[in-house]
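Below is one structure, written out as structure tokens; comments come after it.
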Amino acid sequence: MILSNDELKKLISLGKLKVDPLYPDAVRENGLDLRIGGEYAIYAYEGAVVRPCDLDDAKPLFRVVKADEVVIPPRNFVLLTTEEYVKMPEDVAGLANLRSTLARYGLSIPPTVVDVGFEGNITIEVVNNSPNTIVLKRGMRFLHLVLIKAEGRAAYRGAYQGQRGVTPPKGLKGEC
């Protein structure tokens with residue numbers, strides 16, 4: 001079941017869903033709009049051979065940029081972080097979607113689930129499928145998070161729990 005704005009406001013007022021900061025225009029008809037944070041990550045090198053299964057840590061592959069603008073080269077991607085720190089209830093998951101206006105410029109994100117019980121800034125991959133450089137601004141609404149009720153409860157125990165700022169991927173050594 002997708003939660004409406006009334007249900008979202010109720011969860012926020014009860015302290016079950018936390019969004020900090022919470023802007024007046026964040027709670028929409030069927031989800032939350034989240035804003036671009038103050039940093040992003042982009043690959044530090046072009047043409048490198050990346051083997052996720054051989055990596056303990058992928059952070060050295062990325063350059064973190066602190067800026068008021070996010071520059072996304074043509075046919076490339078960046079990792080963006082939300083300005084908001086989100087704490088999900090243990091019985092609510094989120095489905096992250098790019099705002100449709102940005103998709104019409106040629107941007108996309110992969111299907112992304114924000115797990116029940118997740119807490120932290122959300123790091124999301126934004127792909128520029130267009131032939132043009134696209135520049136986004138810090139603080140603009142870019143991510144629409146649709147919240148859905150999960151059956152039962154679960155605790156999130158993932159590697160990204162409590163992340164702050166943009167978080168490059170973990171290495172997959174030992175998982176492959």
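Yeah, the Cβs are placed from backbone N, Cα and C, and that goes for glycine too.
Over in Swiss-Prot, the protein carries these features:
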- Glu125: active site, proton donor/acceptor (ACT_SITE)
- Arg99, Ser100, Thr101, Leu102, Ala103, Arg104, Asp115, Gln163: dCTP binding site (BINDING)
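Overlay of Swiss-Prot annotations on the structure.
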| residue | record | Cβ contacts under 8 Å, 6 or more apart |
| --- | --- | --- |
| Arg99 | dCTP binding site | Asp33, Arg141, Phe142, Leu143, His144 |
| Ser100 | dCTP binding site | none |
| Thr101 | dCTP binding site | none |
| Leu102 | dCTP binding site | Leu136, Phe142 |
| Ala103 | dCTP binding site | none |
| Arg104 | dCTP binding site | none |
| Asp115 | dCTP binding site | Met88, Ala93, Ala154, Tyr156, Gly158 |
| Glu125 | active site, proton donor/acceptor | Phe77, Val78, Leu79, Leu80, Ile109, Pro110, Thr112 |
| Gln163 | dCTP binding site | Gly120, Asn121, Thr123 |
Structural state of Arg104 (dCTP binding site), classified by DSSP into three states: coil
Span of the dCTP site, taken as the largest CA to CA distance across Arg99, Ser100, Thr101, Leu102, Ala103, Arg104, Asp115, Gln163 (Å, rounded to a whole number): 30
Assigned conformation of Arg99 (dCTP binding site) - DSSP reduced to three states: coil
DSSP three-state assignment (helix, strand or coil) for Gln163 (dCTP binding site): strand
